[in-house]
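A.B. asks: Below is a structure I'd like to ask you about.
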Amino acid sequence: MNDETRKRRLRAELLEVRSGLTAEDVRESGLRIAVHATGLGELARARTVAAYVSIGREPGTRALLETLRERGTRVLLPVLLPDNDLDWAPYEGPDRLVRAGRGLLEPAAPALGPEAVVEADAVLLPGLAVDRRGLRLGRGGGSYDRVLARLEAAGRTPPLVVLLYDGEVLEEVPAEAHDRPVRAAVTPSGVHRFTRPE
């Protein structure tokens, strides 16, 4: 079985587990993730954080977004472009999010352009799993691969942090040569580090 087939199967398994979560599970997990994430030095030092608004059964990000905004951190949120690339716009609060395609919530503020992500001092990534090497398994759309390539092309190496459920930190996920490791995963039970903090 090739890596692409392994990735598809693993994604399906992980999404099946997530489908059994209740809205309360998602909300509670999000609150615990926010507590652990706000204690990360990488986020405490960041003036600008690129993040995302969770949807469906993804680990909840709402509490974390609000905590970051309330402490004066500039938060950039993605705006999905037709080609699956990501533009970025500032987060101005939960009442300034609008429904977009694919069930996404995006900021109502004017977009700043795809290159705005290079201003981020830390990047919060969605994912389905991460392994002991820090390699992240995403949904397979390639949007965040483009973001990471854009950061690399700009010579920027902000800490990358993935937000997951506890059972999604695995021994190994299928990886490709272009995959970049994250520094940490934050789950409801705590922080899992894969490289030393700065």
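The backbone N, Cα and C atoms fix where each Cβ goes, glycine too.
According to TrEMBL, the record shows the following:
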BINDING   Lys7, Arg8, Arg9, Leu10, Arg11, Arg136, Leu137, Gly138, Arg139, Gly140, Gly141, Gly142, Ser143, Tyr144  ATP binding site
BINDING   Val53, Glu58  substrate binding site
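Help me picture these features in the structure, burial and contacts included.
C.D. replies: Around Ser143 (ATP binding site), the same-chain residues six or more apart in sequence whose CB sits under 8 Å from its CB are Pro78, Leu80, Asn84, Asp85, Leu86, listed in sequence order. Secondary structure from DSSP puts Ser143 (ATP binding site) in a helix.
Within the same chain, residues at least six positions away from Glu58 (substrate binding site) with a Cβ under 8 Å of its Cβ are Arg18, Val26, Pro126, Leu163. When secondary structure is read from DSSP and collapsed to three states, Glu58 (substrate binding site) falls in the coil class.
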A.B. asks: DSSP three-state call for Val53 (substrate binding site): helix, strand or coil?
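C.D. replies: Its secondary structure by DSSP: coil.
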A.B. asks: Between Gly141 (ATP binding site) and Val53 (substrate binding site), what C-alpha distance do you get in Å?
C.D. replies: 17
A.B. asks: Listed ATP-binding residues Lys7, Arg8, Arg9, Leu10, Arg11, Arg136, Leu137, Gly138, Arg139, Gly140, Gly141, Gly142, Ser143, Tyr144 - what's their greatest C-alpha to C-alpha distance in Å?
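C.D. replies: Largest pairwise Cα separation, rounded: 20 Å.
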A.B. asks: With H, G and I counted as helix, E and B as strand and the rest as coil, say where DSSP puts Leu137 (ATP binding site).
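C.D. replies: Reduced to three states, the DSSP call for Leu137 (ATP binding site) is strand.
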